[in-house]
């Protein structure tokens, strides 16, 4: 008979983060498995819309879960370079950051971030030979995922939070879709071929146009922020989304992984799906806060 301690150890072992598996090769010019990618994207958008329709707190809970998965994926990806971050400490601190942002605001989340980093450093300093290095990698991961994700929760806490979040999510989605389509049809001049050879200037123009279309509807008409804000959101989203894509490409190249995970067919992992959204969160929060006169 297997003891309860052995069963618990087996469960923990199965849940432990691991380096991501290589993705299936796609020979499509689109660079992805469209038969898997399109249904996955539609399901994710439907789940997001449902969470906003039911209650905004459901969206916040969804963010906590999604970013927890992203943190777990990051821990696995970092193992490819033998960084073993204190995942339990980071997940606890990250959840506290996100919930405290909803209840008390970003200032408390920032305080919890620094406290969590301090705990991670002390925790690792006495447990591993590479303790400090691993802890600093964890602080980086918590800043990338947890801190930037806190800005999304802060937007949800604004007046008309469901509409604000709808605009915030659809802008990066439009950026990715517009850039991808324009890149396939017209892309000839890579922006940074050594980092991401498939991203072209033509695709970037497509991203700006797609972001502008979404911004006109949600920022200009639905939220009634005025046309200067429409232009600001369109350009800022295109720039920050592209920066997020490049940043993750650089990180994955340094970690020698293709995708951060394999959770979503055709899309890679959670972090692969939300990289541009995370990078847009701080800028979109600042623009919304300024547009609504919260400063």
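For all residues, glycine too, the Cβ spot is worked out from N, Cα and C.
If you look up TrEMBL, you'll see 36-54 (among others) marked as transmembrane segment.
The transmembrane segment feature in TrEMBL is assigned to 60-80 (among others).
Tertiary proximity for the transmembrane segment (110-126) is limited to same-chain residues at least six positions away from its ends with a CB under 8 Å from its CB atoms, namely 85-86, 89-90, 92-94, 96-97, 100, 132, 134-136, 138-139, 142-143, 146-147. For 110-126 (among others), the entry in TrEMBL reads transmembrane segment.
For the transmembrane segment (135-157), the residues of the chain that approach it from at least six positions outside its boundaries are 56, 59-60, 63, 67, 70-71, 74-75, 78, 83, 85-87, 89-90, 93-94, 97-98, 101-102, 105-106, 109-110, 113, 116-117, 120-121, 123-125, 164-165, 168, 271, 277-279, 281-282, 284-285, 288, judged by C-beta separation under 8 angstroms. Residues or ranges marked as transmembrane segment in TrEMBL: 135-157 (among others).
Sequence-remote contacts of a segment are chain residues at least 6 beyond its ends whose Cβ falls under 8 Å from one of its Cβ atoms, and for the transmembrane segment (163-183) they are 30, 45, 48-49, 52, 56, 59, 152, 155-156, 198-200, 202-211, 213-215, 218-219, 222-223, 233-234, 237-238, 241-242, 276-277, 280-281, 284, 288. Annotated transmembrane segment per TrEMBL: 163-183 (among others), in sequence order.
For the transmembrane segment (204-223), same-chain residues at least 6 beyond its ends with a Cβ under 8 Å from one of its own Cβ atoms are 160, 163-164, 166-167, 170-171, 174-183, 186, 191, 229-231, 233-235, 237-238, 241-242, 291. The annotation transmembrane segment is assigned in TrEMBL to 204-223 (among others).
Under the heading transmembrane segment, TrEMBL lists 229-251 (among others). Within the chain, the transmembrane segment (229-251) has long-range Cβ neighbours (under 8 A, six or more residues past its boundaries) at 77, 167, 171-172, 174-176, 179, 191-192, 195-196, 199, 204, 207-208, 211-212, 214-216, 219-220, 260, 271-272, 275-280, 283-284, 287, 291.
Annotated transmembrane segment per TrEMBL: 276-294 (among others), in sequence order.
For the transmembrane segment (60-80), the list of distant contacts is 17-20, 47-48, 51, 87, 90-91, 94-95, 98-99, 102, 137, 141-142, 144-146, 149, 152-153, 156, 251-252, 255-257, 260-261, 263, 269-271, 274: same-chain residues at least six beyond its ends, Cβ to Cβ under 8 Å.
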